[in-house]
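First the structure, in the form of structure tokens, and then the observations on it.
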Amino acid sequence: MIEYFVRRLLQSVLVLFFITVLTFLLIHAAPGGPRQIYLSPGLSQEAMAVQAHNLGLDRPLPLQFVSWIGDLLKGDLGYTFKNHIPVGEIIWPTIGHTMVLMGSAWLLSLLIAIPWGIYNSTVEYSLSDQTASFVAYLGFAMPTFWFGIILQELFALKWNLLPLSDMWTMGSEGNIGNLIYHLVLPVSVLTLGFLAGYSKYSRSSMLEVLDRDYIRTARAKGLNERRVIFRHGLRNALIPIITLLGLDLPILVAGAALTESVFNWPGMGRLFVQNAVSREYSVLMAVTLITAVFVIAGNLLADILYALVDPRVRLDRKGGSAT
Amino acid sequence: MSEAKIALQEKPVIEKFKRPPGVWSVGWKRFSANRFALVGLIVLIVFVLSAIFAKWIAPYDPSRIDMMFPNLPAGTGNHLLGTDELGRDIFSRLLYSSQVSLLVGFTVAIASVIIGTLIGAISGYFGGFIDTCFMRLVDVMNSIPLLFLNILILAIFGSKFYYMILVLSFTGWMSVARLVRGTFLSLREMQYVEAAKAIGVSDWGIIFRHLLRNASAPIIVNATLMVGGAILSESALSYLGLGVQIPQTSWGLMLSNAQEFMLVDPVQAVYPGFCILIVVLAVNFIGDGLRDVLDPRQKAMMSARRLDRWRKKFSKSGI
């Protein structure tokens with residue numbers, strides 16, 4: 001178990017390292033290279049050379065990479081090009097905002113999707129089941145931002161029930177009621193998206209378990225159906241669901257760039273999009289790295305959880321995950 | 001009644017030797033038995049045809065600005081769906097946008113399936129160090145949310161149309177690679193591979209001639225489903241302003257435009273999104289239909305409970 005854990009951890013660190021390499025190379029592959037990105041345009045050749053030297057851009061690539069990594073490890077994410085604000089100062093608050101939005105959507109969708117999926121597995125092809133698969137199809141095929149726009153038009157403009165966008169009304173920042181009022185629309189958009197995957201997944205996971213021999217044994221023993229489903233079925237069906245949740249944890253941070261842009265939510269996704277349009281590379285790189293860290297941590301957590309709840313994994317995989 | 005039938009049949013009905021139905025006709029039969037898949041196919045064909053013939057169908061030039069008649073409601077004059085805030089004909093714009101979306105959808109799906117299949121095949125067949133390298137690459141690519149990665153690359157290199165196709169293909173191959181690798185891992189242990197090796201078929205010969213053909217079913221299904229994903233990604237990128245740029249039009253771009261003028265003309269936002277939804281739904285239905293046709297495992301794995309119910313209803317022998 002410990003060997004598995006350590007090996008998995010080392011793998012994650014390796015992947016993280018490659019991501020930093022990838023991001024670094026991407027910036028350096030940009031037309032004009034980092035000089036054009038970091039230096040103010042319209043400088044004379046000499047001034048540019050001096051500034052490049054000051055920023056260390058005339059050093060060989062590997063050396064630059066090492067110093068960049070060193071800065072990162074010290075928690076220094078760099079400065080924005082336009083106003084020279086530390087990037088960290090811009091990013092950290094947006095993470096919180098994204099977490100509020102995504103966390104509530106995520107919880108809500110889990111609370112609906114898992115019981116619904118499990119119920120549907122016991123009443124296959126019923127009306128409820130078919131509704132669920134209809135919702136799933138819709139959730140997979142609908143552009144989320146379009147759904148958001150339509151909701152805005154109906155609830156905010158036509159019926160004037162809910163706020164159009166933003167996180168707070170001007171002047172009532174920090175008011176929980178006001179926040180919830182603003183959360184309703186984006187959360188419903190996101191929930192539909194999550195619902196599609198989760199209800200389908202929990203249904204199929206439960207179905208798979210219900211086909212097992214031990215369920216048949218439980219029934220043969222004469223246990224009542226409720227006990228079979230909840231005691232014997234659900235416990236085992238939850239294992240893959242828990243793993244999926246671990247894998248999806250990073251969503252809480254990475255968030256929905258689209259939904260945030262539609263509803264003008266001051267989260268990390270919208271920050272990313274805005275800075276992509278204005279080509280603020282230091283912010284883009286920092287956000288990419290932060291999300292990557294969260295994704296990798298989520299994957300690691302999912303694997304560890306899986307190994308903890310399901311002893312077969314430890315024995316099967318003997319360390320390195322095969323996939 | 002039945003005796004009469006038999007009597008009738010006793011007359012010399014020499015049945016001609018009938019060829020057993022071929023693979024294609026069996027496949028088509030199974031596919032068309034799925035009503036959703038059939039409807040999806042018809043819808044997709046309609047969209048593809050209207051995209052190809054957009055030049056002749058569209059009543060107006062999609063980028064022709066006519067400030068005399070902005071924001072016309074649907075059905076005014078020759079404007080089937082009205083005009084937008086610059087007086088451009090919405091119906092024509094939708095038609096031309098479908099060209100972009102379908103082109104991106106199909107090209108990206110094909111390209112990323114080719115990349116993914118190659119990488120997955122090499123990694124699954126040869127295994128060892130190559131496999132480890134490729135799979136770590138997949139891990140790295142998967143660790144950055146795809147939308148972020150796409151936005152990042154487009155922001156760095158600028159948003160040109162063919163850049164977008166390239167970027168989407170280079171960030172979309174991972175799932176196919178994993179799928180192909182998994183299939184190859186099990187297929188390479190088959191006896192026919194051993195036999196092929198014994199008669200001296202080269203590695204590439206085995207990969208392309210034997211393994212790939214046997215692994216093609218899930219690849220095709222996956223490719224179909226990827227078309228929908230690519231269309232959604234394109235519309236998202238265009239909506240955010242990083243995809244298709246202005247003189248061209250695309251459904252995503254129309255949506256971002258419509259959101260801007262939501263107060264003036266709210267109906268505008270409905271059409272492009274609806275088109276995206278319909279096309280992606282159609283493609284996904286086709287994909288599911290193809291899965292029924294192509295994936296024999298799916299058939300075999302009919303759930304025991306469903307089988308039970310089937311038995312209760314139809315089986316006479318009680319087996």
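Cβ coordinates are placed from backbone N, Cα and C, and glycine is handled just like the others.
These figures come from a predicted structure and were not determined experimentally.
Taken from TrEMBL, the feature transmembrane segment applies to B:36-58 (among others).
If you look up TrEMBL, you'll see B:102-125 (among others) marked as transmembrane segment. Within the same chain, residues 47-48, 51, 131, 134-135, 164-165, 168-170, 172-185, 188, 203, 206-207, 211-212, 215, 219, 222-224, 226-231, 233-234, 279, 283 sit at least 6 positions outside the transmembrane segment (B:102-125) and bring their C-beta atoms closer than 8 Å to a C-beta of that stretch.
Annotation comment: TrEMBL describes B:102-287 as domain 'ABC transmembrane type-1'.
Sequence annotations record features per position, and here TrEMBL assigns transmembrane segment to B:137-156 (among others).
The transmembrane segment annotation in TrEMBL covers B:162-180 (among others). Counting same-chain residues at least six beyond the ends of the transmembrane segment (B:162-180), those with a Cβ under 8 angstroms from any Cβ of the stretch are 104, 107-109, 111-113, 115-117, 119-121, 123-124, 134, 138, 141-142, 146, 149-150, 153-154, 215, 218-219, 222-223, 226, 229-230, 233-234, 237, 242-244.
Look at TrEMBL and you will find B:219-242 (among others) tagged as transmembrane segment. Cβ atoms under 8 Å from those of the transmembrane segment (B:219-242) belong to residues 100-102, 104-106, 108-110, 112-113, 117, 146-147, 150-151, 154-155, 159, 164, 168, 172, 175-176, 179-180, 250-253, 255-256, 272, 276, 279-281, 283-284, 286-287, 290-291, 294-295 of the same chain, restricted to positions at least 6 beyond its ends.
The annotation transmembrane segment is assigned in TrEMBL to B:269-287 (among others).
Taking Cβ pairs closer than 8 Å, the transmembrane segment (B:137-156) reaches residues 163-164, 167-168, 171-172, 174, 177-178, 233, 236-237, 240, 242-243 in its own chain, all 6 or more past its ends.
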